[in-house]
Amino acid sequence: FSVVPVIGGYLVRLMWGGYTVGGPTLNRFYSFHFLLPFFMIPLSLVHLHFLHKLGSSNPLGVDGDDGECIPFHPVYSISDLGGVIVTCFVLSVLVFEFPRLLGDPENYIPANPLLTPI
């Protein structure tokens, strides 16, 4: 952000808390990473709403009034819902049947009693 003219230095201080990594930098980093999904989810829902409400673009200029085109809303809304259900099912199987599959293998290394602090 420091290469942005006029406001670059201000953006660096706002995002990082300064030019060095320290407490304020880490606090902002974790705060942004915690809050970012709460901003992205509503924006994604608004995007899907307008995409389904207004329809997708028509780059070929096909006339949709002749009855050959399928309506956007029920077909693609059901398709999106099916994708969400399949994704949730796959993640549920992964979490409930294979909970250690994506874990860190270093968690299963036995501790060395000569190196482990008491």
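Counting begins at 1 with the first residue displayed.
Glycine is no exception: its Cβ is also placed from the backbone N, Cα and C atoms.
TrEMBL does not curate its annotations; it predicts them automatically.
The feature domain 'Cytochrome b/b6 N-terminal region profile' is assigned by TrEMBL to 1-60.
The average per-residue pLDDT of the prediction over the domain 'Cytochrome b/b6 C-terminal region profile' (62-118) is 82, rounded to a whole number. Taken from TrEMBL, the feature domain 'Cytochrome b/b6 C-terminal region profile' applies to 62-118.
Taken from TrEMBL, the feature transmembrane segment applies to 34-55 (among others). Using a Cβ-Cβ cut-off under 8 Å and counting only residues 6 or more beyond its ends in the same chain, the transmembrane segment (34-55) has close neighbours at 72-73, 76-77, 80.
What TrEMBL records for 75-96 (among others) is transmembrane segment.
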